[in-house]
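Single-structure report; data block below.
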């Protein structure tokens, strides 16, 4: 073999596996190589043959080891080595993930990574633990099967961290974001603290096995979880190996408890306790014990552990430490022992609360014989062992109790909802394979578990797979693999297995470790997997495990296996007063039958059969747990993560090849690679495959109707999967490789997308065809609206093709223009944009292009809403121009994404559009970041474009959320940008400056062209200010060819015609991109159409003038431009209304209906809108012709209506003469009738009669000429229909009388004389043809008065009779009849007996069952309904129809009547019916008055159902004379439009109506006067009312506050009051005032956009009174100079500028200076400085001083903050007592002593928050980053304030949506 310089080869190594080497220098005699370990090697000429060439895939490494060309141990090992050196710790082997412990933190687990991997298929992105987690989640939802993830590896390989990462990922994507996910996550730090410890191999080694099963509901949201623990290594509490530690919790507790707490427990440092120092290691360099203790405390609170429970846990831990320091001394020849005198013993006794028996329980042992109990003393060694047994038992039981309590919390929802179907994902994090210098019984059990898991891995990967191939008849050469079945048979399977022998020996009283070892040696000495002891004195035996040979020391095996707790210890625990100790030993105390006698003597009763029963052993329990675990895993679809440790030294750079090779071998990775490469891990049944991929089948090749499913599957695979033998067809299944699943899924998505496009195309075509046919049919039937729809069929059919051709032409022309060279331009420096920037930009903002988000606006803005809007506009501008990529579409499979983005429907081909760099560039991005962070490393640059690093999640500001953080179309982005400019004039210059900035120095032509397009659109919508316009005009001159003049013209036109009112439409965007005017078609009444060129600034007046010029129209007065769409038409006037604003409204209407904007079928018309009184038809024949045609079309469409048939005939005759002259023929007559007479009139009166009538009038020949006849028809219209030829305005008369005039824009009927009639009078209704029944009006004659006129159809009741009705029939329907009709309508099948009882009339007897049948099946609600009727009948005070023994107050009765109905909506109709029943035929005046009061209260609480509402409405209208009827009707109409109340009436309501007053007043303490409210007054309404009365600039940011706090703010004001006070028990007299039980405050809540001096009323009334106390309490961090200036201002305010009060300054310091700063100077110094500052403020008033006070503190970062004093323990770097300040920018943590800002979390970083049990929890930066918890009774206020601020920001973002409300 000839070696070349730079070539990579394999060479032999010392570990028996070849190592990679690179040829450094090659010549004929020898070669110099450098191997992977950096060592140089020399190969002589005769040795070069031993070097083997390396495959290209092994040089740089691959993501999936199946792709390796060198499929050998060396290839696998080097692939891991190469990737480890690059910082790439994850590698695939098919679907198996190999994770190498990096021993350092990597930036791989951020929220950005969670979003990146969510919804992606395995293998589409670089290997990652998140990919495995997401695949588990995806398969759970797709296949509806349980999943599990088995994480295996040696101790220290990173299993625990992988398990935590998977859990965090699942919690982040599940979509529920509730407290449950947080509780599941917080269980980890608790279990780690109590179950993990530092070992020589791992700083955080799991010393117990854990299987976490997470349950999900059908929507994929987490419903609960359950933790199973296996074999806690409890011996670690007493003994640790060299360089190891005890469990973490001990060290964390000693480091984290306060000095006071440690004093209570008498605790010192860790080095003072023997149990913590036996390993010689106290400190763990990789852990912060104090910080971890804070996390543990926070987690305990999240999991609802009470403070007392946490303290009891710490007490038991402290007792364990004190017990460890106890020593024993021998006595009586060392056969017995005593406890040495020590304070530790007394401390342990007091903490265990066993003062007398603790010593006996440790120094004696009792045995129960058949006759008596024998007590045996213990020597000091045995006593120490007994003490250790007690300690291990207490710790183990406490750990089990903690696990059980955690399961009770996180698994509660699943237990309660056990009937629902749940699916789960299991995470197995169990101890890794262990092989120490001394291995004991624990290591045997641990390694047994690893053998079981290895067997599970082997069975799933190899054995089952190969059996499946044989079963399905797939040709397959079996692969030999390492099987550990013989080892498992030795341990647990065969008769006389090792564990069975250990158990058997443990049952013998005289059994010892030596006898056990002797029997095992004799039984298994011939077994190849067993290594016998060397001699009889050797206590070790060996087992050949799959991971290597391990020798176990048998000493202590039987004692550990028996795991027995002595009766002495149980007796001691039984008499203990420690509640937690009793709880954790509950099962032992009950099993032993512990009883207490009357004298507190404890007796242990043992059942007789228990003497013969074998005691359970530890190995038996562990074996049963393992069997249960394996059954659970067998029921799941498994995924495997194999964790590797790269070295034993925990070095992040080291890679021990020999160690990793051993792990590769025993993990079976080599066999895994081979079987994954050769095998087919993806299997589908033919039926399932066809069901999912049927869309990919080419039916021309294989017809599924004729061929079998197997043949169809084969046809699909043949078409899509290349290569021979890449897939196999079995008897009933199809076998594929890992990569094929992604290929098929992508092809399926593309095929579905094509099908969707075809369906859409066909449906759109059918829709358009249907619309055209519908209008054509309408024209044939009635010729209505013939002028409204003039869209030829051919135009619609060819519209798409024509648009595509025009688009292609425009693209070619645009490309040609871009290729032309731009002319040089000399800029005017006086008005250069750079100069403007230097003069007006704030901060360090430059005038040149950038691609990152702004942190502050370019220009200064006083209004903070404007500043907020500027930042969002900049983001959208970047995206419109292409400087920032669009956000990814939300995953439709994610429930959370579906909820938060319900308005957005992502494309079905979103996977197709994914950037290549997102799929394969992540490795390079991580490497680049690591390279910047750590430096060094040579690597070739990737040729794949990588995703920019600045596209971070924090770029999305709070409130932008799902509304804007999604893919937007260019038109949507344009609407947002221009919408902000139209709604906020203050930011228009900012928008122009942002666009100009992005055009300066931008080298990307495409981006620049989009920027100029955006600039043109903005110039077409609104003008700049006078400050910017000169600079903007100068900038436009330097624009690219075509845009410079175009934009200048846009600016000129916008300045001339004014700003727009609506956002641009799609037509404008397309025209701007092509820089051409828009063509619009304007139709005339005579059928002519004209195509005009318009621009964005074009007005209706300009269009009219151009049309008039084209048709020679001279008399233009009264003509207007109209636009119509979807049966709606409105006038644009004839002056300055922008035409494109109306087009934008039409597009918005089409978009609301789900169609595309370009398909909006709007039309423009020129119509006569109004006449002048002196109109002369002879002046302009063109005008007369247009009006004439308009009248004809209006007649036919029933827009204009005549009173009499003769008038119609006269108009038709005039039209006859105009059209045909004096010639009178039947054919002409028929055509004239068709043109003028409506179809309804023709149908009502035969066509022949109409022909005869019109013909006879025409024959009379009254017309001199056609022009005269035409003028007569026009004059008739002017005089007769003056209302229809008028311009209408909406006005309100503000003085001169109570009159409000509201006129509509599109009135389409004539208002005839309304018939005057009274209720009960008989009307004779005319025929339908007499008027318009379609418009709910008809003509009628009053039978009493003989008068005729029009009546509304819904105000009369028709009688089914042909004869004159009798007088009895004419009696108007009373409430009695109305309620009877109600009962008939609600119960058509009611029994005759019920109606004989007249259930609808008043009754004095209680109901036996509810009135409504809907309640009869619910016994509980039936009882409540009957009780409510009794309360209605009660004599005091409602309704006086039924006597009761005890008088009750109105509040008690109303609570009992209405309270249940507010909680049970099914009762609401029942209450209405009961009240109306008692008011029907009730002759008792007092009872009726009280009934009306009840009904008045009811109509303000909740609405009746739809079926009852109309009856209730008519019931109230039937009693017009009752004073409360009209008020009840108003309240009923009001409550129908609102949500129902949540509480019964408030005392103020009941008291007011009881005094016959419908006006309710409640005192709001600020301002100091009462405000009127109603039962349906919402809190927002009341805030708006107060703000209006005070003349505040805006009610935004203000809120109502109760002195007794409202935790959940209801919608209604009185509901809010009901939550805070009990109603008075007695009714006060009418003259007495009704004081509130508490005060209601009106104050500023949200301090956003608060600028002192702008709103003087708000400053003086709210801002100063609220901020001044915060300042004096010392919340702000301020300088000495500021305090002096503020003290002088406060002094002026207090004394009203009275200088004589200077002497009082020392006594007033508490009112002038913050409390904690008074001692900063002496009183005299304060006085001197305050007077000096006071003199400098001469000439200002007290109010001006208040404003100046606000101006000073408004510059501080804590201005407007709401402060909360909290207590926290989760972050050791923060003080325990801390101050949290919530402001408009976020949540700040402040040290209350120094007032220094510790950290500030913006709202955008806060992902979740909740409060419970006086604790407030806040997730910061996502679930994978951190949680802050604190203790405060005001957590609900913090929660409400956070929600209010975030809602306010979201409202601000939504306030600029398109403003067209025409179709809303």
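Backbone N, Cα and C atoms are what each Cβ position is placed from, and that goes for glycine too.
Fair warning: this is a prediction, and the values are worked out from it, not measured in the lab.
According to TrEMBL, the protein has these features:
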| type | residues | note |
| --- | --- | --- |
| BINDING | 153, 154, 155, 156, 157, 158, 159, 160 | ATP binding site |
| COMPBIAS | 894-904 | compositional bias 'Polar residues' |
| DOMAIN | 60-749 | domain 'Myosin motor' |
| DOMAIN | 849-1073 | domain 'MyTH4' |
| DOMAIN | 1078-1382 | domain 'FERM' |
| DOMAIN | 1402-1554 | domain 'MyTH4' |
| DOMAIN | 1556-1853 | domain 'FERM' |
| REGION | 626-648 | region 'Actin-binding' |
| REGION | 888-916 | region 'Disordered' |
| REGION | 932-953 | region 'Disordered' |
Residues flanking the ATP site, with Cβ no more than 8 Å from the Cβ centroid of 153, 154, 155, 156, 157, 158, 159, 160 and excluding those residues themselves: 101, 202, 205, 432, 643, 645
The region 'Actin-binding' (626-648) - residue tally per DSSP class, helix then strand then coil: 9 helix, 8 strand, 6 coil
Listed in sequence order, residues with CB under 8 A of residue 155 (ATP binding site) and six or more positions away: 199, 201, 202, 205, 431, 432, 433, 434
List of residues, in chain order, with Cβ under 8 A from that of residue 153 (ATP binding site) and at least 6 apart: 99, 159, 432, 433, 642, 643, 644, 645, 663, 667
Count of other CB atoms lying within 10 Å of the CB belonging to residue 159 (ATP binding site): 28
Chain-internal residues, separated by at least six, CB under 8 A from residue 154 (ATP binding site): 201, 432, 433, 434, 547, 643, 644, 645, 663
Site with most surrounding Cβ atoms, counting all protein chains shown within 10 Å, from the binding-site residues 156, 158: 158
For residue 157 (ATP binding site): intrachain residues, at least 6 apart, with Cβ closer than 8 Å: 99, 101, 432, 643, 644, 645, 663
Mean per-residue pLDDT computed across the domain 'MyTH4' (1402-1554): 81
Chain-internal residues near residue 160 (ATP binding site), provided their CB is under 8 angstroms and they sit 6+ positions away: 192, 196, 204, 206, 429
